[in-house]
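K.L.:
The structure that follows is given in the form of structure tokens.
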């Protein structure tokens, strides 16, 4: 086992803080409408330019093991915020840094770290409850566009295109982001259905650059059982070979000999085929298979209704314009089902939603209804160069996550104002001692940090801006985009409640752990062994007499 180096007390905390500051300082320059870009070196291809906090955080690895531990813990804050809400990573990092800096000062002054942490936790619980009270519903297209615009670094075209996409496919519809070919952003809306089952074998992949399978005008075979014997599929495969069209098999499972034979046939180019598991489980799987059948104009081959796979013909198969399969998802685009039957199926599911008493069942039924009635919207990001394309695509994805979060939990005033208002309302949180009270104060100070950073990035004096906003009421705040003060909601500066809440909770969680750290252990770096020296040359023979 390699030797370890151990640091205690203040020595450990100083090193950890240095790492936190390096990472947070690199991330926080991107915050707000006047935040700057960060350039990331890539081992191949052109450098990546980004304004996305989590992308910057993920790139950072420090040489010093102890500093790196601090940096990695703050990286975790950004990653967690990104996973939960898809945005707010920079805000989370700024909050974490503010709590750690103030917390470690208090620990150095002799306060009890555990009580400080408890005080911070109490303040955060109160703040989250207060945020929910401040939150307003986000349902109209204008508000959705404003949220998207703010998240995409004040790019109105991105906010508008996301709002249009949501309007067309519904808030539950599937929206994907792709790299486009033009200079401008484009929106394609295609009727379709997506479900969370990927390919059963990577050998079906025909688009290695994206790791996906694309089938044009395929037949779709729907089977409500496991398929393991290839003989059952032979009649269908022989009929298909004559048409030259690809086949998608959706079954409970395809395994053993059947899967192996399909893979071999596909690789040899005899039949273009792909197989995926049917979505859902039990009765829900039967219902979802029926949904796919109605959407594609096919029939579900199920023994309980007297249909056998061996006797199936091409008439039993559904068809679609296109099918795209990744390792996680299958999207059926433009199924050729009868529109009247699709509408009837949607009405039937709507009735089931009204009759259902379980929230879980309602949610799943609404999901099915959205997939049948909605469609798939594809936002194609346009840019002049590949470097700009990557940067813009990341912003569009962030904005899409933010708008989904806004629809889910509502919106609050943006620009760091919501946290400032929350802080003013929770000053009197109940605590047990002075150290816990100071923990609450640390959390309240940290809640001003995002507003201060937005002002700093806009070239303003942070303290002046913070005091002006604190002296105001309600949604009064600072618009860094045009350097004015006013009502943030009226100016269209909104943040999703979920994003603000997640940022605060994850920042406080990890910062609290860092404040209570008393020792750090890391491996001692190994010096590489010196190379073996070359052998000395042999002396020459003496001259002969």
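Along the chain as shown, residues are numbered 1 onward.
Cβ atoms are placed via backbone N, Cα and C, with glycine included.
Per Swiss-Prot, the feature ATP binding site maps to 30, 31, 32, 33, 51, 87, 88, 89, 90, 91, 415, 495; the stated evidence is sequence analysis.
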K.L.:
Fewest other CB within 10 angstroms, which one of the binding-site residues 30, 32, 88, 90?
P.N.:
30
K.L.:
Identify, in sequence order, the residues in the chain of residue 415 (ATP binding site) that are 6 or more apart from it along the sequence and have a CB within less than 8 Å of its CB; answer 'none' if there are none.
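P.N.:
Residues satisfying the criterion: 32, 451, 454, 477, 478, 479, 480, 488, 493, 495.
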K.L.:
Pairwise over 30, 31, 32, 33, 51, 87, 88, 89, 90, 91, 415, 495, annotated as binding ATP, what's the top Cα to Cα distance to the nearest Å?
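P.N.:
Across 30, 31, 32, 33, 51, 87, 88, 89, 90, 91, 415, 495, the widest Cα separation comes out at 17 Å.
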K.L.:
Which residues, sitting 6 or more apart from residue 51 (ATP binding site) on the same chain, put a CB under 8 Å from its CB?
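P.N.:
Expected: 30, 35, 36, 37, 38, 153, 391, 395.
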